[in-house]
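Asks: There's a structure below that I have some questions on.
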């Protein structure tokens, strides 16, 4: 079973949690896109859902495949969000934001009664941090914000490169007009402390640590998909 087949298995298992009539947050990334494709097949057969996309990229795919969409302002309370992750630990703490949609992903997840994370087994880790932590920042005062992040990291015993994410034509810009600093801290022993410290920096719009948000993680491997509940 290759990586895409594992993503499809995880998406299939998540789809079993979606009931007709649900208000559904729809994530961003390659695994979430497999979920959208499967959801679209059910919608074509008469399955009723209303989706709130977490990125313009996801919105375009939903429109292309016929998944009905609303804005979060139109549906401010959601039943369920299904989204991918870059890393998942045993407590279902996550690193997200590799696709650049972390702010909207977190807003949509927070507006949902439940969040289900779907991923292949390569994303399951004992401790977060092998994947660089995306930190969404305001373009104004970028150097000052970067220095503040470095100071926070030093206080917590973390170090590593802080790289401003690039795209083909310069700095990567999120759907909200912000930039992303990818922080290669390595192992993050206290994700809660780092989350709190980053939240205190005025120039930090959001970060990719999702803590106490996921209710379930569906992890797919060669033997199929398994469901993990938070070990908190």
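For all residues, glycine too, the Cβ spot is worked out from N, Cα and C.
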Asks: In Swiss-Prot, the substrate site includes 28, 29, 30, 31, 83, 84, 85, 86, 96, 97, 98, 99. Which of 9, 123 does it also list there?
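Replies: Looking at 9, 123, the one Swiss-Prot places in the substrate site next to 28, 29, 30, 31, 83, 84, 85, 86, 96, 97, 98, 99 is 123.
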Asks: If you count, for each of the binding-site residues 28, 30, the other Cβ atoms lying within 10 Å of its Cβ, which residue has the minimum?
Replies: 30
Asks: Could you say whether, by DSSP, residue 83 (substrate binding site) belongs to a helix, a strand or a coil region?
Replies: strand
Asks: Suppose the substrate site is 28, 29, 30, 31, 83, 84, 85, 86, 96, 97, 98, 99, 123. Which further residues of the same chain have a Cβ inside 8 angstroms of that site's Cβ centroid?
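Replies: Close Cβ neighbours, site residues excluded: 27, 32, 119.
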Asks: Greatest CA-CA distance (Å) over the residues 28, 29, 30, 31, 83, 84, 85, 86, 96, 97, 98, 99, 123 that the record ties to substrate?
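Replies: Across 28, 29, 30, 31, 83, 84, 85, 86, 96, 97, 98, 99, 123, the two farthest Cα atoms sit 15 Å apart.
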Asks: Any idea what the Cα distance is from residue 85 (substrate binding site) over to residue 105 (active site, proton acceptor), rounded to a whole Å?
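Replies: For residue 85 (substrate binding site) versus residue 105 (active site, proton acceptor), the Cα atoms are 10 Å apart.
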